[in-house]
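Remarks on the structure that follows.
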Amino acid sequence: MLLSRLAHVSREVAATSARSRKIALLAELFRDADADDVPIVIPYLAGRLPQGRLGIGWKLLGRPVTPASEPSLTVRDVDARLTAVGAVTGTGSQAGRGRLMGELMAAATDVEQAFLRGLLTGEVRQGALDAVAVEGLAEATGAPPADVRRAVMLAGSLQTVARALLAEGPGALDGFRLTVGRPVLPMLAHTAGSVAEAVGKLGACAVEEKLDGIRVQLHRDGDHVRIYTRTLDDITDRLPELTAAALELKGDRFILDGEVIALDGNGRPRSFQEIAGRVGSRVDVAAAAASVPVSPVFFDALSVDGRDLLDLPFTERHAELARLVPEPLRVRRALVSGPDDGAAAETFLADTLARGHEGVVVKALDAPYSAGRRGASWLKVKPVHTLDLVVLAAEWGHGRRTGKLSNLHLGARAADGSFAMLGKTFKGMTDAMLTWQTERLTELAVEENGSVVTVRPELVVEIAYDGLQKSTRYPAGVTLRFARVVRYREDKTPAEADTVETLLAAHPEVTR
């Protein structure tokens, strides 16, 4: 497929707000695409690079290059060239990348150049494109949309399912099953303002401790154990304690969902930064394990003895979990019969906070496991308002922060796929955080205008705030009150950041 075709469709999709039109455009594109093009086409349309960060800044992309008069670049050719750019390292790498990018831009038409610049700077972003692409694939291939969605959920990759569908037709979907050793995207929770609100919405439910650790998915098949993060990265070698714990469990073949935590000598949780550092340590795992020992806490079972449990109600999944996992390795919880039993939920929340944990997750007892989705049957409650936002820009600091990128411009996901700025903050940052974020944001920089450095919207940061107030200064019409940085969430992607819609729904007093 020619890049020009993709660039034109991307422009048309961005220009229409009608979901049906977006689906039709993508369906037509997929019908014309070769199966081997799709693993490139889908991330390009969503504004993602399969290669990840390439170290290409605005200075390289801003150099004027005479465009080609006729389109000749294919998407696979572009992908290969960008892979080559990313492979340039060492002395003179900047010049080498600049030369390769110049050659690529010279082979691109003006429309293709604009698309490539947007792709490389993070400006090509389509709202909820993966969900629309599922519908487009279904329409293009004649497969039921629900079957395509389930296959994507089980494969953990839209590109993998799309390639199989286009190569083999709807029958290929039968090959996507929940399989030990192949991770699936985890179910996520929406936010509720209080325990009473959550119990009122869900009725009979389980109120579980919300642990401030790293989400893990544990797979065991006999003596073989694999451990995956929420982004499906394999971290088995970094967590020998979890492998040992898995081999002690009663079952022989299962998939469990849980959290990795670390406790201090008093049994209270250690900081998220310590746990993240431990899980991220690849060099001396033994030393890291001695310094920050971790343990698993499980809260769901997805598969047991080859039996897919995803569609079963939570009560049945938890019964299977309890059969396999001893109580000390299961998350603490309280069963609540409904709103009339709200006092029990409030008591459990207070006890959870007293134990040093960050809140609770309230789960409907009759709900299935919605892998890869933020299900309405899971509601998290934290006493402090927090949001996962995306850093859009940062400002060079003054005084003791001279030379450091300090004041963060914060954005939430808007309905059209862009990021709506909600305000700025320089509060809550330690010296170590300032040093780290300056280095990280410099890598993401795409433009510098005076003291403001615009960055690719890739870095997620957890922000605490005291509330919302109306503001005509920002596109969503609101801004955060007393926003401060809690921590960076490199374990989350921008697609997992909070939305403007969710934020406004959580503060009806401001939007009335």
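Just so you know, the numbers here start at 1 and follow the chain as drawn.
In case you wondered, yes, glycine gets a Cβ from its N, Cα and C as well.
According to Swiss-Prot, Glu208, Arg215, Arg230, Glu259, Arg374, Lys380 bind ATP; the candidate from Phe176, Phe272, Phe299, Phe419 that the record adds to this site is Phe299. Counting other Cβ atoms within 10 Å of each Cβ, the recorded positions Lys210, Arg374 show the lowest value at Arg374. Cα separation, Lys210 (active site, N6-AMP-lysine intermediate) to Arg230 (ATP binding site), rounded: 16 Å. If you draw a 10 Å sphere around the CB of Arg230 (ATP binding site), it holds 18 other CB atoms from the protein chains shown. The ATP-binding residues named in the record, Glu208, Arg215, Arg230, Glu259, Phe299, Arg374, Lys380, extend over a maximum Cα to Cα distance of 19 Å. Using a 10 Å Cβ-Cβ cutoff, Arg215 (ATP binding site) registers 17 neighbours. Each of the binding-site residues Glu208, Glu259 was assessed for Cβ neighbours inside 10 Å, and the highest tally belongs to Glu208.
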